[in-house]
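Annotated features in TrEMBL:
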DOMAIN    183-296  domain '1,3-beta-glucan synthase component FKS1-like'
TRANSMEM  332-349  transmembrane segment
TRANSMEM  361-386  transmembrane segment
TRANSMEM  398-417  transmembrane segment
TRANSMEM  432-454  transmembrane segment
TRANSMEM  495-516  transmembrane segment
TRANSMEM  555-582  transmembrane segment
Amino acid sequence: MRKVIATLRALVEVLEALSKDADPEGVGRLIKEELQRIKKADAALSGELTPYNIVPLEAPSLTNAIGFFPEVRGAISAIRYSEQFPRLPADFEISGQRDADMFDLLEYVFGFQKDNIRNQRENIVLAIANAQARLGIPADADPKIDEKAINEVFLKVLDNYIKWCKYLRKRLAWNSFQAINRDRKLFLVSLYFLIWGEAANVRFLPECICYIFHHMAKELDAILDHGEANPAPSCITEDGSVSFLDKIIRPIYETMALEAARNNNGKASHSSWRNYDDFNEYFWSPACFELKWPMREESPFLFKPKKRKRTGKSTFVEHRTFLHLYRSFHRLWIFLFVMFQALTILAFRKEKINLKTFKTILSIGPTFVIMNFIESCLDVLLMFGAYSTARGMAISRLVIRFFWCGLASVFVTYVYIKVLEEQNQRNSNSKYFRIYILTLGIYAAVRVVFALLLKCKACHMLSEMSDQSFFQFFKWIYQERYYVGRGLFERFSDYCRYVLFWLVILICKFTFAYFVQIKPLVEPTKVIIDLPSLQYSWHDLVSKNNKNALTIVSLWAPVVAIYLMDLHIWYTLLSAIIGGVMGARARLGEIRTIEMVHKRFESFPKVFVKNLVSLQAKRLPFDRQASQ
């Protein structure tokens, strides 16, 4: 058809050139009328060849039956232009052989590209038609789309935007869901798809798309209330044209491209350039509205990176350092060291459970708070590079945790030293001991209560839905507030099974550690300490008044190293046992019939050769054939 139309156009041009000299009142007039008729037919055929994906919307196609489905015809009529919409200019051209629709208004107001308009028009029609098909196929001669289908598409497409506004406690672009009619809903859905379709790499920043849609939806709402359609002020370029791509997307894209050029093909450190996460996390805080609309070019978000100046990160900076081995797993390290300290004290006290042993075991308190203080110091140190652009709440949380952990470590250590001094006094009233027990008890109780409440589904949902500062403050103390992953939580039954699984692992590990690793070293350690002072050539470093400390360190160091690493062994063993039991219960790999046994025997020689016969033996027959 394309070849025929190209030939037809060439013949029409030839006829026009040859008919110039013909009589305009006689034969020339007839030729001219015939050429006009041919051109109209040519336009109709050209409409048939307009490219489309699934549904031909630019021109009615007789070869594609999808456009004649009732739900598709109803979706096309749902987006058709009505008299209630603002009037388009008289010189605005409607592409193809179709009636004006909502996308023509969006194209004129915001300056979207024509190919984007064509793609998203078809996308919206198919989305509405699919939603209607799930509800039921309309049987009327003039099919209509149900309100439920439009609501379904509206809530599904704008779900992330609604959650984003709720997270930032910002009012939606519309007053209420019930206050907007079906046409406004279709306008908003179409606008969101058009923004996404023309956003280039900015579409990888979903919350940035929400920010753009939030302001453009307000502009659209104001335009729809007027009788005449006018271009949106945010998309008007310097030469007077209207272009969403040039005014909104290009500045963001250029900044992202310059930042990506600084990564040195992935070899540059994370702190030296901004990636997609850094750009997107900027919109996880109400401070993003300081960008205004249209976005200020001098804002930190659109800051163009310079060669030697470090780029400010949003909330997190990954510094390449071995300190992450402690910072990333600080809860595990603290737990293992505290338990090792308690088990070692119990072993040296010969398992005598009395008040003195209990007070000695309580030395885990200073260990716990000091290790927490080390972790808070690493948080402050490794956050370097993001303080200039990070959220104020995130920075204040780091500072508060730093001072809180520092004061707590000083206070707990001081009180425990006083407890030890009281222990050496005969007539002590144990005042500091009671303060110490009360402090540790309150802290442990608060942590346990908060942990249980966050694992309870009802409390978790209440804290997510509530905007009360009480809930938000305590959640902020427990963990930093993020947009992504805030609603993820496991069921209480799954959590109980998870806790039971790790309780079995830890019981096995600490039982083995106490009876096999720690307890056998108690007596040798006491013997080494009681040895007479030995003089070495390097006596100042090795043996002078230190009770053979280096010898004890060399004795305990391998045990401590194995103690810190054998948790993986116990985890592997228990996982294999539980996996085997679950596989046996599910009868995985079970041979149930004689026919299955016969099939296994048929495949046995191949498996034997594949796994047990050496490669050299396999090559011998081929080598002999080659030599022959």
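Here the Cβ of each residue, glycine as well, is placed from N, Cα and C on the backbone.
The transmembrane segment (361-386) is not in contact with the transmembrane segment (555-582), judged by fewer than 3 CB-CB distances under 8 Å for residue pairs 6 or more apart in sequence.
Between the transmembrane segment (398-417) and the transmembrane segment (332-349) there are fewer than 3 Cβ pairs closer than 8 Å, counting only residues 6 or more apart in sequence, so the two stretches are not in contact. The domain '1,3-beta-glucan synthase component FKS1-like' (183-296): residue composition by secondary structure is 80 helix, 3 strand, 31 coil, according to DSSP. Confidence across the domain '1,3-beta-glucan synthase component FKS1-like' (183-296), taken as the mean pLDDT and rounded to a whole number, stands at 87.
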